[in-house]
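A.B. asks: Quick one: the structure is below, questions incoming.
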Amino acid sequence: MQRALPGARQHLGAILSSASVVVKALCAAVLFLYLLSFAVDTGCLAVTPGYLFPPNFWIWTLATHGLMEQHVWDVAISLATVVVAGRLLEPLWGALELLIFFSVVNVSVGLLGAFAYLLTYMASFNLVYLFTVRIHGALGFLGGVLVALKQTMGDCVVLRVPQVRVSVVPMLLLGLLLLLRLATLLQSPALASYGFGLISSWVYLRFYQRHSRGRGDMADHFAFATFFPEILQPVVGLLANLVHGLLVKVKICQKTVKRYDVGAPSSITISLPGTDPQDAERRRQLALKALNERLKRVEDQSVWPSMDDDEEEAGAKVDSPMPSDKAPTLPGKGAVPESSLITFEAAPPTL
């Protein structure tokens, strides 16, 4: 263990040296708050449901709870999550969008978690759910990063034996955390943070994230039902469509709007908000193929003579006199050969 620490420290330093300011700031905040926990009580930085809502309004905890850790292994998970997000997501989104994503996920996890425990208190009247539960840590952001990786590189293989793709990792980890919770090896706020991180990040990436093609990602491979096994996807898809229709009616979500753009004079580009570039390229190739087939059929038809040309040729043959093989003969005289000279008879003298 002591031999591995210097190598890991050196590797982490090399990664952070090439990271952006956002990644460095988040990692520094995690380390600072962890070291601060040895000197003072940092419980006021975690989301406590009874203190977040009125009359206390500990609003700042929505910004700090995702950075607060109390164990060294939790610090390692937080740093690894931030570094992975910086290496894989920041080149696609940019540093500002990564910071926005981090803020949206953590604020949503804090609000949804506090509201869930408030409902639990209203059902059980147990004050533990209001003033003892503390929501903190990077598991919520970890769930958001895994959802974003499913969106961007879902077909990548994480394990070869057994074969595990990135697209199934979010639900696999959720199942693992659920088993740990049932075995009392994990506290309920950690499981709640991860679950709400999955939901909030998917909603943001699906409907609200801004990019060059519009807003959100309505691709089929990123539908909510794709997070579940194939046998459950039809049922989950039906329920998700019902919920989405309800949210559209109350104007929380917007309808899927198709946008048609003429990309070039030689082709037509049909783009949907959040469409995968590979899908757009495939549609473009199909459109070009269909256009080439139509042009080929038109060229083949132009080779055959038209009916109008046939009728004109037939009419010309009818109007023109048929040449005779023999010249007309006068009775009692021999045949006179044809002559191309034209003779004129002398006109009578005028008076």
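If you go along the chain as it appears here, the first residue is 1 and each next one adds 1.
Note that Cβ sites are derived from N, Cα and C of the backbone, with glycine treated the same way.
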A.B. asks: With the ranges 206-229, 230-253 to choose from, which does Swiss-Prot describe as region 'Mediates localization to the Golgi'?
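C.D. replies: Based on what Swiss-Prot states, region 'Mediates localization to the Golgi' spans 206-229.
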A.B. asks: With reference to Swiss-Prot, specify whether Thr48 and Met153 are located on the same side of the membrane.
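C.D. replies: Domain labels match for Thr48 and Met153 in Swiss-Prot.
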A.B. asks: Treating G and I as helix alongside H, and B as strand alongside E, what does DSSP give for the topological domain 'Lumenal' (41-97) in helix, strand and coil?
C.D. replies: 39 helix, 1 strand, 17 coil
A.B. asks: What parts of the chain pack near the transmembrane segment (127-147), using Cβ distances under 8 Å and only residues at least 6 beyond its ends?
C.D. replies: 30, 43, 45-51, 65-70, 74, 77-78, 81-82, 84-85, 89, 101-102, 105-106, 109-110, 113-114, 117-118, 120-121, 166, 169-170, 173-174, 177, 188-190, 192-198, 200-202, 205
A.B. asks: Short question: which residues 6 or more past the ends of the transmembrane segment (98-118) have a Cβ under 8 Å from it?
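C.D. replies: Same-chain residues near the transmembrane segment (98-118) but 6 or more away: 20, 22-23, 26, 47-49, 52-53, 61-63, 65-66, 85-86, 89-90, 129-130, 133, 135, 140-141, 143-144, 148, 189, 192-193, 196-197, 199-201, 204, 209.
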A.B. asks: What does the DSSP secondary structure composition of the topological domain 'Cytoplasmic' (119-126) look like, as residue counts for helix, strand and coil?
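C.D. replies: Result for the topological domain 'Cytoplasmic' (119-126), in helix, strand, coil order: 6 helix, 0 strand, 2 coil.
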